[in-house]
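Novice: According to Swiss-Prot:
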REGION    1-342  region 'Aspartate carbamoyltransferase'
REGION    343-357  region 'Linker'
REGION    368-527  region 'Aspartate carbamoyltransferase regulatory region'
BINDING   Cys483, Cys488, Cys512, Cys515  Zn(2+) binding site
Amino acid sequence: MKRDFLGRTLAVIEDLSVEEQMFLYEKTRELKQRWYSGEDVSDFRIKKRNVGIYIVFVEPSTRTKESFINAAKFHSGPNVKVNVFDSEHSSFNKQESYTDTFSMLTGYSDYSIFVVRTRLEGVCRLLERRISEFASRNGIEVPSFINAGDGKHEHPTQELLDEYTFLEQNGFDNSFIHVALVGDLLHGRTVHSKVNGLKIFKNVKVDLVAPEELMMPEHYVEKMKKNGFEVRIFSSIREYLDQKDVAKIWYFTRLQLERMGEDILEKVHVLREAVTFKKEYLDALPEGVKFYHPLPRHKVYPTIPNFLDTLPLNGWETQARNGYWVRIVLLSMFGGALEAPFDTSKKEEKPEEDFIIPAPITHGSKGVQKEGKRGIKPIENGTVIDHIAKGKTPEEIYSTILKIRKILRLYDVDSADGIFRSSDGSFKGYISLPDRYLSKKEIKKLSAISPNTTVNIIKNSTVVEKYRIKLPPTIYGFEELRCKNENCITNPAHGENASPSFVRNEKGQFICEYCETPHSFEEIWSI
């Protein structure tokens, strides 16, 4: 049974299970207590030989970068070298890909831990996959990657220190938490990480306090509800304090003007007013409230104004210091210094659900002949794809037929297609492929292009096999796939030659596996 965390990646907070996160928090608590009482903490230091810790910040940062540098220096010694990567004068400026850069860096140590911050989203997930393959090819130990913030996607190590700080305030009781998230919930990646980070608490109540223009994206709100959180929404601090059930943990974020469009910037004064705390609000707060903030604060327009610095409300200073301790422990785990009392193997993927379902065959050849009478010549042998985009308009159906032909390369000379009216009055598409049998792989591809179709295998003018195809749980491996997020690492403009892949959620949306942007089925296709 694996008990170490070597080779693990933290791209999103869910890459650590709740059990693994709680282990990290308990070890952080232990480290702090032993450090401040003057006890030996050497067992937290990485002892594995020839380890390289690389701090690679392609996006500027002060707190996160310095926190990680100092956490890495805690481990620095004969066995561990700390490298602060100068991205401004690096091969990135020579248009080298992330994959090539990190492949070469991986070869300079027996084992590597990379701490990566980028404007592009999903970089650590890409590196986890690509560099694992590189390491396997070259007999190198698979490295670890830690996401130190990627665009407006996630900031999992900030989430770790936030949750640790919340636990401290709660006396390390994780039975319940009531937290208010206040500020720019649209662009703030730290609040996006809380969608899953708060799952360490058994009962969760979240109040979202932001005007509509800055409200948390709907797919994150839905995910909170799916996680069992009670979620309430308020448009301003004033509205929030007008009701009596006020949280004792407030988590503020700054307005990220650099990520906003012109339409939002025109309203910035009104938006800022809605989420900035004022002196007049103090009397409405319940006893024991603490304010937190991932920092930095805007020096002119802080959502937590400076008059609060000296009040007992100030929890953000302790929160910031906790980042050092949490990141030391995270590096201890990923560097092999700390082992868990439970299995730390990466959990197996769920088996893919069966989405190609054999269907009963009725009237063997009758159905084929029937289609022939409506304009398509019946075939003796081959494949008939039926019920294409059933219920859609003729224009949409024909577009789907063209998509199927292009992606599956169904350019057979004798093939035919058409649009017919079903017995229920709706339209459906139809492709007839004489002497051509679709392979199982092609049928799987078809399910991704046009779900809910029917595939008929015909021999001697008789339907001998029939399949009904459902929407697959994952879609990948097509050149025509595109993530609509321009900042996703898979976007062709970024030159990483990364193929998008999508996972279907319970609502039928397809979530990019790199940046977690939700898409409709139609949106994932570039044709």
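Placement of Cβ uses the backbone N, Cα and C atoms for every residue, glycine included.
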Novice: Using an 8 Å cut-off from the Cβ centroid of Cys483, Cys488, Cys512, Cys515, can you name the remaining same-chain residues around the Zn(2+) site, in sequence order?
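Specialist: Output for this site, in sequence order: Glu121, Gly122, Lys484, Asn485, Ile489, Thr490, Asn491, Pro500, Glu513, Tyr514, Glu516, Thr517.
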Novice: Name the residues of the same chain, 6+ apart in sequence, whose Cβ is under 8 Å from the Cβ of Cys488 (Zn(2+) binding site)?
Specialist: Leu120, Glu121, Gly122, Pro500, Cys512, Tyr514, Cys515, Thr517
Novice: Across all chains shown, how many C-beta atoms besides its own are within 10 angstroms of the C-beta of Cys515 (Zn(2+) binding site)?
Specialist: 25
Novice: Within 10 Å of the Cβ of Cys512 (Zn(2+) binding site), how many other Cβ atoms can be counted across all chains shown?
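Specialist: Result for Cys512 (Zn(2+) binding site): 26 neighbouring Cβ atoms inside 10 Å.
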Novice: What residues, ordered by sequence, lie under 8 A Cβ-to-Cβ from Cys483 (Zn(2+) binding site) and sit at least six positions away in the same chain?
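Specialist: Correct list: Thr490, Asn491, Pro500, Phe502, Cys512, Tyr514, Cys515, Thr517, His519, Ile524.
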Novice: Please report the three-state DSSP label of Cys483 (Zn(2+) binding site).
Specialist: coil
